[in-house]
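Step one of this worksheet: look at the structure below.
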């Protein structure tokens, strides 16, 4: 085949008003260059093949019509995108944060995305998707018929393993001895010609999560060259390890070697079920609450100690479980970068006794959750309400820290929030960090640290999220920003209002 790269770099010079003769001339040139192949056919019909995938695109009549020429031009454009000396600019080269678009609300792609916006179906080659629950009938129309999909999901009665069905591969990961196995991660990779889009979400692959519940997304486009290799960075290594942990096929994981992750500025935090890994101390730091502590140790190097030890945490999830004051204190320690007993001389730094500091921490960790009234009055009814989980047994426990419960105010009135987020603020400073992903504020998601600090205790779920450093709180605008852009949040920013005695959380 003749070398087409130099001619492709010139771009498409035909205008929309070109004559049919000129368009046919372009068609002949593309055939001559080898971009379009016209195979011999017994019925004398012409088939246009895209050499990128060597797949049949569409059957054309012998003489191209306007519609056929559109296909020809689209095919040529796709080839140019792959072999162009100047790849198209990435839409989100440094990462961005979005909300899922709510049904009947005004479309604003600077703040919210539909699932189709994330996928970019027209240029997608293949995708890796992970989810807790799956609606295949809703999902598949978002992808081209030839797009290959690998889907990791929670088991639904099937044994652990890899199941192949035409172009779709289903992975049911190993859990070990779990009574309630939960594959709760919601990370997605979309492979295009010259880039891979990473999406870290709190939304499952079901329509309710993408239309009538408020969810968050972290989206980042990374350069991709399937014929090249890039220098490994920690972000890429952590991502590859997390996919291996979920039993993603090796050939998919190996694709990450062809992705340039050097622009990543966020930190991956994952959880893996304890029975799966038989976790011991050396590897425990890679997962759950201890992984969060490892990330925080790095962040605190640039923060003054008094501000760091006065950090306020605002934690939201769509599901709550059994909590107690001891767990809140332990989580707070890890969120400040310490898994050891004590707070690395925090009380001394703040001129407090240990007991005084523990009491002060109670005011610095807020757990946001929908009230029963909010759940009943949401405008989309019972279906989204079923996604807000909190058992009455857990809430009515004598040890439940009801003092930590706070009301949240949705940005879209009467819409329930399915996001999982932690907002941290350093003392009275305007800086902090944020977590987005699949971790609810539960022990099953984060795990905990035993008193002897020798092992990370029981973790139930697979989870995936990112810590976003260096966020800013803007006053008096009441906004949070990152990388000079406002972060679209599904709720009003903290401080939140505490539950009153008459308030009840949304209970199941």
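Each Cβ is built from the backbone N, Cα and C atoms, and glycine gets one as well.
In TrEMBL this protein carries:
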- 1-22: region 'Disordered' (REGION)
- 184: active site, nucleophile (ACT_SITE)
- 186, 420: substrate binding site (BINDING)
- 418: active site, proton donor/acceptor (ACT_SITE)
Residue 184 (active site, nucleophile), number of other Cβ atoms within 10 Å: 26
So how many other Cβ atoms are close to residue 186 (substrate binding site), meaning within 10 Å of its Cβ? 25
If you measure between the CA atoms of residue 186 (substrate binding site) and the residue listed as 'active site, proton donor/acceptor' and round to the nearest Å, you get 13
Identify, in sequence order, the residues in the chain of residue 418 (active site, proton donor/acceptor) that are 6 or more apart from it along the sequence and have a CB within less than 8 Å of its CB; answer 'none' if there are none. 202, 203, 209, 213, 214, 215, 318, 384, 387, 388
How many Å separate the Cα atoms of residue 420 (substrate binding site) and the residue listed as 'active site, nucleophile'? 12
